[in-house]
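Read the structure below first, then the notes.
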Amino acid sequence: MPSTIECACNHLTLFASNWIVPPNKINFDTVFDNIEEKLLDNIHVLVTITVILIIYAILVVVLRRFDNADKEKWRVIPLADNGPHDRFTYLVTVFTGTTSRAGTKSNVFFKLSGEYENTEVRKLEGNTKKNLSRGSVNNYLLATTRWLGPLIYLRVWHDNTGKGNDASWHLDRIVIKDLKTNKLYLFLCHQWLAVEKGDGRLHRVLPVAGKEDMTSFDYLFSSTVRDGFADDHVWFSLLSRPVRSNFTRVQRLSVCLALLFATMIANAMWYRADEAIEGVQMVHLGPFVFTPQQVFISMASSMVVLPVSLTIVMLFRKARPRHNIVCENDVDNGGRPIDARCTSSASRSDCIPMLDGMLTKDIDDKPTSKNAYTSILKLAVVKEEGAVGPKSDKRRLDGSEVQTLRPVIGLSVVIALVFKSRPSSEEQHLIMEENEQLAHHGGAWKNPEHRQKDICEDFDEAQLEHLRKKREKEIRMWALLREVIIHLIYVIAVFTLTYENRDPASYRTNEALKNKFVVGSLDEIKTLTDYWTWTREILVPKLYADTWYNDDILTWREKQYLQGLTYFRVGPPRLRQARVRLGDCRLPDEVDNIHSCYPFYELTTYLHDDHSISWTAKNGNETTSDDPWTYQSSIESKSFPYWGQISLYGGGGYIKVLGSDAKEARSSLDDLEQNGWIDRATRAVINEFTLFNPCTNLFSVVNLIIEIPPSGGLMITEDIHTMRLYYYSGNRALFRFLLEALVLGIVIYFLVLTTKDFLNSGRKYLNDAWNFLEVGNIVLAFTCCIVNIIHCVMTRSTLKDFKTNNHDFPSFQKLVYWDDLLNTLFGGLAFFVMMKLLKIMRCSKKVTEFVSTLSLSKKSIVGFMAMFTIIFFSFVHFFYLMCGRSLKNYSSLTDTAGTLISMMLKRFSYGELVDVDRVLGPVFFFLYVLVIGFIGTQILVAVLSLDYSTVKKGTLTSDQHELVDFFIDQFKKTFNMDGSGR
């Protein structure tokens, strides 16, 4: 018989594989050897555990205060209007809703009705003030003269005297316990008692909830979810623990800590334990991929973590809470209440009659574990305190009776500790204040005025309508005030962020660079010879610094600066040429003696072929990236199209990098000049280089463009774009980050409000022109956010490429375009933000009149603008045809239109028109001023004046003005400026 069995199956891999993964082994003989070195090797683990324990200690202090506050919240407060002759008591538990602003500070009244009697109007208030705040659970002791019998319904209302949002109240439910019969009555509400919410009523009639109400899906689902998160979920219950639960917040935090540490231990037990297993079978379940070993590790980890946490939770939940020795009010068989309570100074024997009755009831009625447990605790307290004395009556428990019950007590203790169930939320232990007479108050007592009324007061419809309108005005007033404050903060943040992108030193930097490279040098170039001379004698010496002003030799690091050591040269400069093809000119048939023609630069005429030196035909396919005779596309050159004075030049071209020192740059320029790099086919030469000023944290992308039109001559253009790329550096980095976070948070707030308005209004939302302004503001804000992120990513990528290879030309053109786009978007956002101020100021009569006038006269303005456009462009065409050949300001239709608009603003040169044509120039000038400047303006003013007079007569009214008056009245009342003397 063989002693072993070998499994040689090649199927059922999950069964045959080693899917049981043992945990990592710990050698306890050596685990504490060299403990200092081991702690240093795992310092991150030690730091993590230390931080967790520090956070735990801090949270213990904080949550302990919350636990103490819970005890105060759950104290039972007797109603202030309980009288000395009120003999029957009821425990009233009021549950305020958890919706936003559900609490109230109004005076709440109620009237309770039973089968036998009704209470007077009672006020829900005790001598100790307890606010009906959001989500609160308040307990009151109601005392009545007569027993009401089985309760039927409850009337509840308030007087709406709270200020602002504290006037309304969302009542969830009220639970009333008859302390004579110990029967609970549930009154469900789940409604607002408010003039501006729900059905606008302040009064509710609540019948006793029946079995169908308490077993309905809505009630069970809401109560189960609420209680589940508030009590059963360990993490969420740290903030929302029921105040009556014995499981305190500190204990729940300790369970969370134990669960966290147990999880860390479980992770350490199987850390990389499955990596040594060979032949692992992958299981694919839809998008999920896992191994059997991972399933086993997850199950085993759960078996390690769950028993520890569940055991701790069970011990905490079954632990007996520590309470002072108190006795609840009770009633004897005759219905008379026992007014005296056991206190620290009272005789303990006074408590025995009540304990005797409870114990006898528990034994005779086959008590539950909870009742047995409560009776045992009370007996234990009595025995411990020696409450057996000669003054006790025949109902007390003497020593023999306690001895007889001792075996029963022991067995009951065991059963109760093991099988004790958690009490329901309405039957938790109530903490009563010591030395306090719950049924009534000592001293002189006067029947309150509201208890003398026999009927339940309610507001009539006229009063409700008045209160409703007043409350609506208050809501709108505070909404407008909140909108104004938030928008002013938004305006300040947006403008601050916008001007952060525009450094005041940018203009001075541009002027300094223009004086350095353009003024007196580049703008004096007339021929190509002048251009080559300028590059060798001015451009190169200023870009490459060799010596200081006193001829001291500069270090290699200082040679990376420009002359003057102010600007750092970011990479070498380069020349980029845009060329056209030969022979693309369309010549008349009569011109047959011209054999070559070079057209304007266009998308159909630009040259993109590879050549050899002096633009000869290319022999072979070998090319190099620094070959100035080889065409490079916009992707290869990392450039974007550039719009010059004559044409739009593409991002590609023929490129020459000048090098990293002056000698190499001069050699490259000499070689280009000698081989005729610039000829008749050249349409533009762009000199590109990038500078950085570390003192101002500004980058300057410089493009010096030489355009050679087919008409001859040279046209010089400089384009210096100064921008800041390091936004998040220095002392202002945190400030900018917080500013951006503030703007983004406010925009999200605007988005939520706009979405709610759109969902509530539907298509009517699009009928208001102000809403388009709001949508435009939100869209532009989010677009600015996206473009800003792209700009930061592009900046990091470009600077990283430069640091990796600083001998190549770093193209910052894409950053220039993204920076221009970002600044344009910020400008549009600033425009929309300022325009929105008109919407906020719509309460002003002047603003309303202005907007109403424009709205009323929009048809007239459209007709006037159509007529004005026809007349204006008639003059544009005439002046362009008359002066386009002679004057620069009229050389194109767009220039002519801009010049005529300036002429409307009294900015013109009359002498230029006279020099062009001594007759037509003055005639059409005065005709233009008369028709456009005087007649057109007077017609527009007349149209607006007519509509403005209509608005002034009151044909267009707005209730926004009443809101301003209401705000002024409320302001005067608040600061006692209304003359009332209060």
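Including glycine, each Cβ sits where the backbone N, Cα and C put it.
For the transmembrane segment (43-63), same-chain residues at least 6 beyond its ends with a Cβ under 8 Å from one of its own Cβ atoms are 238, 248-250, 253, 257, 260. For 43-63 (among others), the entry in TrEMBL reads transmembrane segment.
Positions annotated as domain 'PLAT' by TrEMBL: 88-207. Mean pLDDT across the domain 'PLAT' (88-207) comes to 87 in this model.
Marked as transmembrane segment by TrEMBL: 253-273 (among others).
Summarising the annotation, TrEMBL assigns transmembrane segment to 293-316 (among others).
Listed as Cβ neighbours of the transmembrane segment (478-499) (distance under 8 Å, sequence separation of 6 or more from its ends, same chain) are residues 164, 736, 739-740, 742-743, 746, 749, 826-827, 829-830, 833-834, 836-837, 840, 843, 963, 967. What TrEMBL records for 478-499 (among others) is transmembrane segment.
All protein chains included, CYS597 (disulfide bond) registers 15 other Cβ atoms within 10 Å of its own Cβ. Annotated disulfide bond per TrEMBL: CYS585-CYS597, in sequence order.
The transmembrane segment annotation in TrEMBL covers 733-752 (among others).
Per TrEMBL, transmembrane segment is recorded for 772-791 (among others).
Residues annotated as transmembrane segment in TrEMBL: 821-840 (among others).
Feature annotation from TrEMBL assigns transmembrane segment to 861-882 (among others). Sequence-distant contacts of the transmembrane segment (861-882) (same chain, at least 6 residues past either end, Cβ-Cβ under 8 Å): 854, 890, 892-893, 896-897, 899-900, 916-917, 920-921, 924, 928, 931-932, 936, 939-940, 943.
Marked as transmembrane segment by TrEMBL: 923-946 (among others).
Within its own chain, the transmembrane segment (772-791) has Cβ neighbours under 8 Å at 740, 743-744, 747, 750-751, 754, 766, 815, 818-819, 821-822, 825-826, 828-829, 832-833, 835-836, 839, counting only residues six or more beyond its boundaries. Residue counts of the domain 'PLAT' (88-207) by helix, strand and coil are 3 helix, 64 strand, 53 coil (DSSP-based).
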